[in-house]
Amino acid sequence: MQNPKEKMDLSQFILSLIFIIAISATSFLIIQPFILGFSWASMIVIATWPLMLKMQKFLGGKRLVAVIGMIIILLLLFIIPIVFLVNSLIKTSIPLIHWFSSNNLEFPELIWLQDIPIIGKKIFISYQELLDSDGGELIREIRPYMGRTTEFFIIQAKNCGLFIMHLTLMLLFSLLLYWNGEKISNSIRQFASRLSSRNGEAIVLLSVQAVRAVALGVVVTALIQAVLSGIGLLISGVPYWTLLMILIVFSCLIQLGPLPILIPSVIWLYWNSNTTWGTLLLIWSCFVFILDNILRPFFIRIGSDLPTFLILLGVIGGLLAFGMIGLFIGPVVLVILYRLIVSWIYGISIASFLENTTLKSKSN
């Protein structure tokens, strides 16, 4: 016969488990809006923590002044590109607005449409009918798509608002993390040690190294390439160079490099008979591309003694899997997995493996 106490214990266990799951799910829903901002703040603070300590030392040990200085730097780093982007979009849209608002819109005749086999004449006749109707027929044709266009702009406005919210949260969390960095670091290490007394602290150290390697080897390299490319575009007279600069940053972050933006700019210069500037920009583009292969491994080695290929693989995979925040998540996960496998093969802890690697690198 089953003991009633065992039944009570089982019931209590099930109810406790349900309660814990419910509390955990509710807590996740509460903190979900803040996760992205906190994640970005964590990555930024980890990457720039040595810079903050140097600034604090330079300012005579005043943490508050150093934290304010770092927040101002972050504001400039994020706001200046946004201002450039908005300015470029405004400059691009002004001619279109004037064109649409003018009363004498002149559409091209598109006579070449008649030369298209089979369907060319029919398309040309339909196009001429639209032009002859003074725009009324054209409006009726595009009216079904107006709802989708409006919905698209509403979604983009919502995304813009979310971006500003996450940017504000990122700055607030960065301020808190800079101010209480040591306490938070000790708490994370204690938590990691509770999970694994053998490898906990070493895994935290690996995560920090991976984040700094990405920040230096990928992000800093992308910014340097974008600035150099922007200088070349500005001097050669390519329009909307600020917008192209921002596109180059994203292209470099996803490991495509600056050439997908620079090569079309070179072609545009040649197309407009600016052969001298086109040739100079082509030479400058090759220089910037070669510089990428020199700076990236160098900066990754400064950030940590980790395999360059593993970092870059983590960056690309993380971006595809998690979006922009995956830029840091991917390398961290791959580096930890790599070190766990290597330490398991050699039968030593990650901490011992890291010590041996550090000693070898110092002796070399």
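Keep in mind that glycine also has a Cβ here, set from the backbone N, Cα and C atoms.
Taken from Swiss-Prot, the feature transmembrane segment covers 18-38 (among others). If you look at the transmembrane segment (18-38), the same-chain residues 6 or more away from its ends with a CB under 8 A from one of its CBs are 165-170, 172-173, 325.
The transmembrane segment annotation in Swiss-Prot covers 40-60 (among others).
What Swiss-Prot records for 65-85 (among others) is transmembrane segment.
The feature transmembrane segment is assigned by Swiss-Prot to 161-181 (among others), with sequence analysis given as support.
Sequence annotations record features per position, and here Swiss-Prot assigns transmembrane segment to 215-235 (among others) based on sequence analysis. Long-range contacts of the transmembrane segment (215-235) within the same chain, counting only residues at least 6 positions beyond its ends with a Cβ under 8 Å from a Cβ of the stretch, are 43, 46-48, 241-242, 244-246, 248-249, 252-253, 255, 257-258, 261-262, 265, 277, 280-281, 284-285, 287-288, 291-292, 295-297, 299-300, 302-303, 308, 311-312, 315, 327-328.
Long-range contacts of the transmembrane segment (243-263) within the same chain, counting only residues at least 6 positions beyond its ends with a Cβ under 8 Å from a Cβ of the stretch, are 81, 84-85, 88-89, 92, 218-219, 221-223, 225-227, 229-230, 232-233, 281, 285, 288-289, 292, 312, 315-316, 319, 324, 327. Residues annotated as transmembrane segment in Swiss-Prot, with sequence analysis given as evidence: 243-263 (among others).
Per Swiss-Prot, transmembrane segment is recorded for 280-300 (among others).
The transmembrane segment feature in Swiss-Prot is assigned to 309-329 (among others); the stated evidence is sequence analysis. Taking Cβ pairs closer than 8 Å, the transmembrane segment (309-329) reaches residues 36, 39-40, 43, 210-211, 213-215, 217-219, 253-255, 296, 300, 335, 338 in its own chain, all 6 or more past its ends.
Same-chain residues lying 6+ beyond the ends of the transmembrane segment (331-351) with a Cβ under 8 Å from its Cβ atoms: 198-199, 201-203, 206-207, 209-211, 213-214, 306-307, 310-311, 313-315, 317-318. What Swiss-Prot lists as transmembrane segment is 331-351 (among others), and the listing cites sequence analysis.
For the transmembrane segment (161-181), the list of distant contacts is 34, 36-38, 40-42, 44-45, 49, 52, 63-64, 66-67, 70-71, 74-75, 78: same-chain residues at least six beyond its ends, Cβ to Cβ under 8 Å.
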